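Engineer: Features from TrEMBL:
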type	residues	note
TRANSMEM	A:6-24	transmembrane segment
TRANSMEM	A:36-56	transmembrane segment
TRANSMEM	A:62-81	transmembrane segment
TRANSMEM	A:93-117	transmembrane segment
TRANSMEM	A:188-208	transmembrane segment
TRANSMEM	A:214-240	transmembrane segment
Amino acid sequence: MNLAINNASLLFATALVGIALIVVYKEKLGLGKDILIGVVRAVIQLVAVGFLLGYVFNLNNIIVTLALVLVIIFNASFNAGKKSNGISNAFKISFIAILTATSLTLVVLLLSGAVLFIPSQVIPISGMIASNSMIAIGICYRNLNAKFKDQRQQVLEKLALGANLKQASITIVRDSIRSGMLPTIESAKTIGIVSLPGMMSGLMFAGVDPTYAIKYQIMVTFMLLSTTSIASVMASYMAYKEFYTESKQLKN
Amino acid sequence: MEAPLLKTTNLEFEVDGKTILKGITLTIEKGDFLTITGPSGSGKSTLLKIIASMLSPTEGKLCYQNKPVEEYEPTDYRKEVSYCFQTATLFGETVKDNLTFPYDIRNQPFNEKKALSALKSVGLGKEYLTKSVHALSGGEKQRVALIRNILFMPKVLLLDEVTSALDEENQTIIRSLIRNLNQEQGITIVWVTHNTVEIQSSNRIVHLVNGEMEEPK
């Protein structure tokens with residue numbers, strides 16, 4: 001492997017943070033504190049996760065691996081839930097959606113042989129799936145909130161005509177699913193032209209032949225399309241009901 | 001004696017600690033043409049929305065055909081007690097999208113002949129069916145919205161100042177349609193209005209002041 005990074009080179013790389021801080025200071029953006037907190041948190045979190053993953057990879061235990069996957073899903077659900085802006089049961093909905101998306105996608109990858117059931121493969125892949133599901137669900141929540149606000153009168157009109165909750169909300173739900181899936185679809189269109197994504201770049205950094213690295217990236221692209229669609233559909237279909245009362249009235 | 005079609009008993013409605021409606025006891029008989037009047041903010045629209053099951057009262061009871069409204073499936077109830085908003089909001093792209101909606105929610109095929117005849121009854125020609133909703137005037141939108149409510153005849157039609165923003169010509173068209181629905185089809189009408197002509201065409205008037213009811217004898 002031709003990986004050349006060491007502690008000294010990392011220390012030099014902090015100069016890059018300095019550039020961000022100079023921009024923030026010169027332009028009076030008031031983000032200096034956030035950048036410093038962000039940098040300190042990133043370093044602490046990554047160091048901790050580095051040691052933890054090293055331990056888990058060496059341990060190679062099914063239960064510990066699955067427990068870590070569950071922790072990843074829990075954290076992703078917690079963060080997606082925080083972006084719900086008041087949607088009831090957002091954590092529960094996010095957890096069910098991310099758990100399903102991660103499990104289904106992972107099972108397909110394992111069955112196809114694309115991924116082996118070893119911690120060094122299952123854990124990073126689960127992290128990628130859960131993180132993309134989390135982002136897709138966050139977008140769905142934002143879209144649901146915005147559309148239920150903008151189209152409130154239309155929804156009320158439909159309810160008044162005797163529509164059930166699904167009939168009154170279906171255009172909003174579909175729009176929300178579309179918005180959750182769109183970034184992944186758009187990114188798939190420009191992959192390799194604009195971006196050389198993480199998985200592929202990581203493998204090439206580690207010295208893997210690019211023609212082999214792309215196979216993994218193709219797998220990741222397909223995997224993310226599947227996972228964001230499952231997560232967006234499940235979260236949107238579960239969350240829209242939370243905009244109504246038990247008497248099938250639109251909440252204020 | 002037959003039970004009233006709709007009956008409210010001591011209805012109260014509060015929002016953020018503010019009383020909007022207080023002690024509303026009202027019976028509405030089948031075939032009634034009732035107008036609800038009163039100054040702005042007196043709770044007329046809130047009362048109508050409660051009757052439509054679009055809002056739930058804080059206290060009190062609402063019965064439909066002698067059964068508490070909560071015992072009905074809201075979607076079934078709203079198909080029978082149909083509420084028409086003050087400012088019509090059409091959805092979709094065309095007039096047809098709006099007129100197919102009542103069929104879609106009943107899982108029935110769209111009856112174009114009936115829709116065209118309904119459009120004609122409010123002075124809109126068949127070319128309106130494919131018109132964009134964005135190309136309609138306020139009066140035309142209100143007429144389309146009203147048709148949406150009556151393509152499948154409800155038992156009660158609740159009208160919330162539906163003519164208040166319209167010109168004289170549109171008001172006359174809608175009034176004539178409503179009168180016809182009541183007199184010839186036997187539809188019970190509950191109409192919130194300030195308009196003297198509309199008040200005069202009713203057989204009962206309820207006056208609301210500060211959320212309380214005054215029904216003239």
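Note that Cβ sites are derived from N, Cα and C of the backbone, with glycine treated the same way.
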Engineer: Can you name the far-off residues of the same chain, 6+ from the ends of the transmembrane segment (A:36-56), with a Cβ under 8 Å from a Cβ of it?
Structural biologist: 14, 17, 21, 64-65, 68, 119-120, 123
Engineer: State, in range form, which of A:62-81, A:93-117, A:214-240 has the highest count of Cβ pairs under 8 Å to the transmembrane segment (A:188-208).
Structural biologist: A:214-240
Engineer: By Cβ distance under 8 Å, which residues at least 6 away from the ends of the transmembrane segment (A:93-117) in the same chain are close to it?
Structural biologist: 62, 65, 69, 73-74, 76-78, 80-81, 84, 87, 125-126, 129-130, 133-134, 137, 219, 223, 226-228, 230-231, 234-235, 238-239, 242
Engineer: Any residues 6+ beyond the ends of the transmembrane segment (A:214-240) with a Cβ under 8 Å from its own?
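Structural biologist: Distant contacts of the transmembrane segment (A:214-240): 80, 84, 87, 89-90, 93-94, 96-98, 100-102, 104-105, 108-109, 114-115, 125, 128-129, 132-133, 136-137, 139-141, 144, 165-166, 169, 172-173, 176-177, 179-181, 183-185, 187-188, 191-192, 197, 199-200, 203.
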